[in-house]
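S.K.: Take this structure first; my questions come after.
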């Protein structure tokens, strides 16, 4: 009951309904992470309490961003073990989710999770964001692109903004010190058709984690040349 109460409280804070079904899905997901983490590297966070707080509650906090509540489709870029895409799907069943990751082993794990939790309207893509963002079925097709991946904001923006339709949002889940990144990325975000709309500070209760949600609105279409070819984005971020 302790974990149920912790998760319910976090959901209440962002006006999300929480019930036994959602709780059981999250606990099953936690158990699968712990089981599969013995075979492949999914996360360094493996204790029950830490998974609940540092992964699940961190993902719940993304609902502090109003665009998430209104979105019908979302792509999670560099999803890894499924964060934040799978918790978002569990908590907002009516949203269509795409999980993108470059490592096949992680995709195999995510497909197991989707099957075990009986999640609907969710798909996994194996490959590079740079490639999928040039495909007509994915380019500028999503209400929301989100990423919790470890990369600087200028790089993440070129990976993610091309997936977002005009009027949609890219939400970057960043660490506590994001001001310099934002300053360095502002020009690249503008080039890609985005505009920083808000920065939401996040504290995770009973932990030392402090995060920022950087909310970027897509105000114009991304030029056809972006994203650039694989490898170039990280070597030469837009300035």
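If you go along the chain as it appears here, the first residue is 1 and each next one adds 1.
A Cβ is built for glycine as well, from the same backbone N, Cα and C atoms used for every other residue.
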S.K.: Of the residues 139, 148, only one is listed by Swiss-Prot in the S-adenosyl-L-methionine site with 78, 83, 129, 130. Which is it?
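M.R.: So, going by the record in Swiss-Prot, that would be 148.
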S.K.: Would you count the other CB atoms within 10 A of the CB of residue 78 (S-adenosyl-L-methionine binding site), including those on all shown protein chains?
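M.R.: There are 22 such Cβ atoms around residue 78 (S-adenosyl-L-methionine binding site).
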S.K.: According to DSSP, collapsed to three classes, what secondary structure does residue 130 (S-adenosyl-L-methionine binding site) have?
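M.R.: It is helical.
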S.K.: Which whole number of Å gives the largest C-alpha distance between any two of 78, 83, 129, 130, 148, the residues noted as binding S-adenosyl-L-methionine?
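M.R.: Binding-site diameter by Cα atoms for S-adenosyl-L-methionine: 20 Å.
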